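Q: Before I ask anything, let me first share the structure, which is written out below as structure tokens.
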């Protein structure tokens, strides 16, 4: 048996080494290439959900009789988004259940993950079509479940971002790279703080045109306070995390604050840019396309970052170990299917969305703000937790 397995592995290795990209794709021997195919499927699901929302309202009389919309035909696009999202979610959940725990290359589950594309594309199309045959009442339940799934995706993405920032900081502070990266780290940290301050100033100028814009003033000012808090904790002598991590986290936090204020609905005097975004021009279309691609890229990059969720130190990999966690990869895409649905309907199935807009509404704004605050809490905990654990171990009697 062992010799037979060795022959099989050698054959796959030869295919991987000597075949072209198309040959590797057809033979299902390249899991790295498989990631991009799953990303394309996810992108097509996003585009289909957008088309169902903006242009599918008059396609069927049934789509205009949605109970959750209370008879409002303008709201029927939300159900189309949820239907496409459900089909995409089921597809990636099936892939998750059939690939979770895969550890070695050239096995059956690895071949299923990296190949069988005709069968999987047919499966995805069939699931998408079947969801349009499901009664409308079911999507009231799925819409509520999708809120939770989208929240899980945001949490996974948050931990992934913080994990990357801490990894970068550890690399710069390591004995091997300390001298070489010291200047680079200081330049990056300084640039990050400068961009953060400029971003805060611009938000004050753009989104607080009147003293009565108390909510926006609170959001921006509190973001500045959180930036100061992260810096103070990171520079504490017992923490000594440096300036790089709070600087990069500050960029992320300021970005989330900006996204939150940008999500405020049009018609608000404190968000005049939102009023301008109601006009469908080429800039609005480009912004929408960039936002849609950003969802796919964020899901893709988070899906291959399973190491951030390993509590034990990663062991040295063998040559036949899988390059990334297949199960985690598909689970992230499954929650991402719920996430893009929430963005396209503004986190509210009762909310009427304008064409060529994404993640707009007060619910979207508050989701972003809570995500910002949660990001700071998770970062502070990840920085302070090792010190607390150290003190607790020192206080325990021997």
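The backbone N, Cα and C atoms fix where each Cβ goes, glycine too.
Automatic, uncurated: that is what TrEMBL annotation is.
These numbers come from a predicted model, not from an experiment.
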Q: Of the residue ranges 32-52, 53-73, which one carries the transmembrane segment annotation in TrEMBL?
A: 32-52
Q: Under TrEMBL, which of the candidate ranges 6-28, 282-304 is annotated transmembrane segment?
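A: That would be 282-304, per the transmembrane segment entry in TrEMBL.
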Q: Of the ranges 102-120, 121-139, which one does TrEMBL list as transmembrane segment?
A: 121-139
Q: Any contact between the transmembrane segment (214-235) and the transmembrane segment (121-139), i.e. 3 or more CB pairs below 8 Å with pairs at least 6 residues apart?
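A: No, the transmembrane segment (214-235) and the transmembrane segment (121-139) are not in contact.
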Q: Should anything in the same chain at least six residues away from the transmembrane segment (241-261) have a Cβ under 8 Å from its Cβ atoms, list it; otherwise answer none.
A: 161-162, 165-166, 168-169, 172-173, 185-186, 188-193, 195-196, 199-200, 203, 207, 216, 219-220, 223, 226-227, 230-231, 233-235, 271, 359, 364-366, 368-369, 371-372, 375-376, 379, 383
Q: When you scan the chain for residues with a C-beta under 8 Å from the transmembrane segment (32-52), skipping those not six or more beyond its ends, what do you find?
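A: Distal contacts: 21, 24-25, 77, 80-81, 83-85, 87-88, 91-92, 95, 113-115, 117, 121, 124, 128, 292-293, 295-296, 299-300, 303-304, 323-324, 329-330, 333, 336-337, 340-341, 344.
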Q: Using Cβ atoms only, state whether the transmembrane segment (324-348) and the transmembrane segment (146-165) have three or more pairs under 8 Å that are 6 or more apart in sequence.
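A: Yes, the transmembrane segment (324-348) and the transmembrane segment (146-165) are in contact.
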